[in-house]
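Student: Next up is a structure, given as structure tokens.
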Amino acid sequence: MSEAAQLRRGLKPKGKTYGLTNQKRREIREIFDLFDIDGSGSIDASELNVAMRSLGFEMNNQQINELMAEVDKNQSGAIDFDEFVHMMTTKFGERDSIDELSKAFKIIDHDNNGKISPRDIKMIAKELGENFTDNDIEEMIEEADRDKDGEVNLEEFMKMMKRTSYG
């Protein structure tokens, strides 16, 4: 059984726990899977760039590369789940204020209609030089879309992003 399947079933996760409850670790896994666009089980520099911008952090390529070097302890060229957990709990846990999350939401909500649509994600991906498939975008929306209307409103976005606030 894959770790993702174990987490969905509520079994004890493998790897370092950083003092997190199983529930919080599952929530971080959900965010990790959202940003692991290619499903490789790790986040490369390109995916990290998308993740940081989505979280409201405007970072240039040099800053992304520096963050990768700092977080990628095994120097694999990508951030695995344990490294992501460490980054989220030690580096960015305290950064998820309501103002910062609202700013991130507004950046992604290109048409300013109060919802993040597949079109909004396509537009920000284009700005970032990313090329997501429609399936990738659909999966991103489904991760946060609690009312199942096909878009992510501010409340849904806040709930999803606040689940990564452990600092």
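Here the Cβ of each residue, glycine as well, is placed from N, Cα and C on the backbone.
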Student: According to Swiss-Prot, D72, N74, S76 bind Ca(2+) 2; identify which of E66, E83 is listed for that same site.
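Tutor: Given D72, N74, S76 bind Ca(2+) 2 in Swiss-Prot, the matching entry from E66, E83 is E83.
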Student: Hey, which bits of the same chain come close to the domain 'EF-hand 3' (96-131), Cβ under 8 Å, at least six residues off its ends?
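Tutor: Those are 37, 46, 49-50, 53-56, 137-138, 140-141, 150-154, 157-158, 161-162, 164-165, in sequence order.
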Student: A 10 Å Cβ contact count, applied to the binding-site residues D72, D111, E151: which residue has the minimum?
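Tutor: Looking at the binding-site residues D72, D111, E151, the Cβ with the fewest others within 10 Å is that of D111.
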Student: How many Å separate the Cα atoms of D111 (Ca(2+) 3 binding site) and D149 (Ca(2+) 4 binding site)?
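Tutor: That separation, Cα to Cα, works out to 17 Å.
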Student: Using only C-alpha positions, which one of D36, S40, E83, K115 is spatially nearest E156 (Ca(2+) 4 binding site)? These are the binding-site residues in the record.
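Tutor: Given the candidates D36, S40, E83, K115, the nearest one is K115.
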Student: Using Cβ-Cβ distances, find the residues under 8 Å from S76 (Ca(2+) 2 binding site) that belong to the same chain and are at least 6 apart in sequence, listing them in sequence order.
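Tutor: Result: S42.
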Student: Counting only residues 6+ apart in the same chain, whose Cβ is under 8 Å from the Cβ of D145 (Ca(2+) 4 binding site)?
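Tutor: D145 (Ca(2+) 4 binding site) has long-range Cβ partners E151, V152, E156.
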